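Presented below is the structure to which this report refers.
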Amino acid sequence: MLTTNFLDFDFENPFMNASGVHCMTIKELDELSTSAAGAYIMKSATPEKRAGNSEPRYYDVPLGSINSMGLPNLGFEYYLEYALKQQENTKRPLFFSVAGMSVAENIAMLKEIEASDFAGVTELNLSCPNVPGKPQVAYDFELTEETLNQVFTFFTKPLGVKLPPYFDMAHFDQMAEILNKYPLAYVNSINSIGNGLYIDTTSDQVVIKPKEGFGGIGGQYVKPTALANVRAFYTRLKPEIKIIGTGGILTGQDAYEHLLCGATMLQVGTQLQKEGPAIFERLTKELASIMTLKGYQTIDEFRGKLKVID
Ligand code: RRO
């Protein structure tokens, strides 16, 4: 019932982890691979291993989470080695995320992926909000275009981009115009809403240490923004570019809404962090029962079919 065709592959269901959550170590990745998730993605890699920002750097709050992890990861080679080994044991394509600190670092990693036997899907993260002194690439339209121009001179494997949320119709238009120039496989909307601030009411203190408490917001707070971004890109991008919907998925109903806005795959960040990989079983059951109630047998029957008021 939930089978999802994405990039010519049939996944059992559309659910995945969002990059960064439960996917830094082989142990965590193996737990995702044996979970009910339809697919999974690795933590965004940099060329060299990074310790990331100082702790506390992630904090669960009642309506979501705030994080300023600062791109901690075990380094590009660790994830490539895992991916190459893992793809021998599974038919499901793996998702590999890269987040270089410069155009040159992104190009270097993508060249290695292109030259390797990696047969999965690559996601270029243009939206890390938490590296001190490094603005997000995808809020700089020229830099985004320059990056994609360089990438597509050599990259031929399926590639998607992870985008931050946009908040203005003009920005949806401008970004879609840029993205439509390239043979992208998908866009993934949204990364966390950058640089929020959460205050502990008892201590009058921020809850994470880096950047004086500023961090990316996820969870329930971000669902309306995520849905708007999924919808805005679904209605503006050429049909070959699929959408991965990420942001505020806690229940089957949230998943259903992302699909209604046009998403094909769905990623879960904050709520996966809160519940662990068992969440995927719950989400698949909840989504299937909503579909049964509404009389749908497949997701294709309602994907993108959001109604507006005449
Ligand atoms: O590691 C992080 O601080 C981080 C990244 Br790379 C990202 O893309 N999104 C996020 O919320 N945190």
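Using N, Cα and C of the backbone, Cβ positions are placed for all residues, glycine too.
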Which one of LYS27, LYS43, LYS157, LYS223 goes with ASN67, SER68, MET69, GLY70, LEU71, ASN125, ASN191, SER192 at the substrate site, as TrEMBL has it?
LYS43
For the FMN site that TrEMBL gives with SER19, LYS43, SER44, ASN125, ILE190, GLY219, GLY247, GLY248, GLY269, THR270, which of LYS91, LYS162, LYS305, LYS307 also belongs there?
LYS162
Anything within 10 Å of ASN125 (substrate binding site)? Look among the binding-site residues SER19, LYS162, GLY219, GLY248, comparing CA atoms, and list what you find.
SER19, LYS162
Got a sec? Which of LYS43, GLY70, CYS128, GLY248, THR270, the recorded positions, have CB under 6 Å of any ligand 1 atom?
GLY70, CYS128
Taking the Cβ of SER44 (FMN binding site) as the centre, count every other Cβ atom within 10 Å, in any protein chain shown.
26
I'd like the number of other C-beta atoms within 10 A of the C-beta of SER19 (FMN binding site), please.
28
Among LYS43, LYS162, the one of these binding-site residues whose Cβ has the fewest neighbouring Cβ atoms within 10 Å:
LYS43
So what sits near GLY70 (substrate binding site) in its own chain, CB-to-CB under 8 Å and at least six residues off in sequence?
ARG50, GLY52, ASN53, ARG57, ASN130, VAL131, PRO132, PRO210
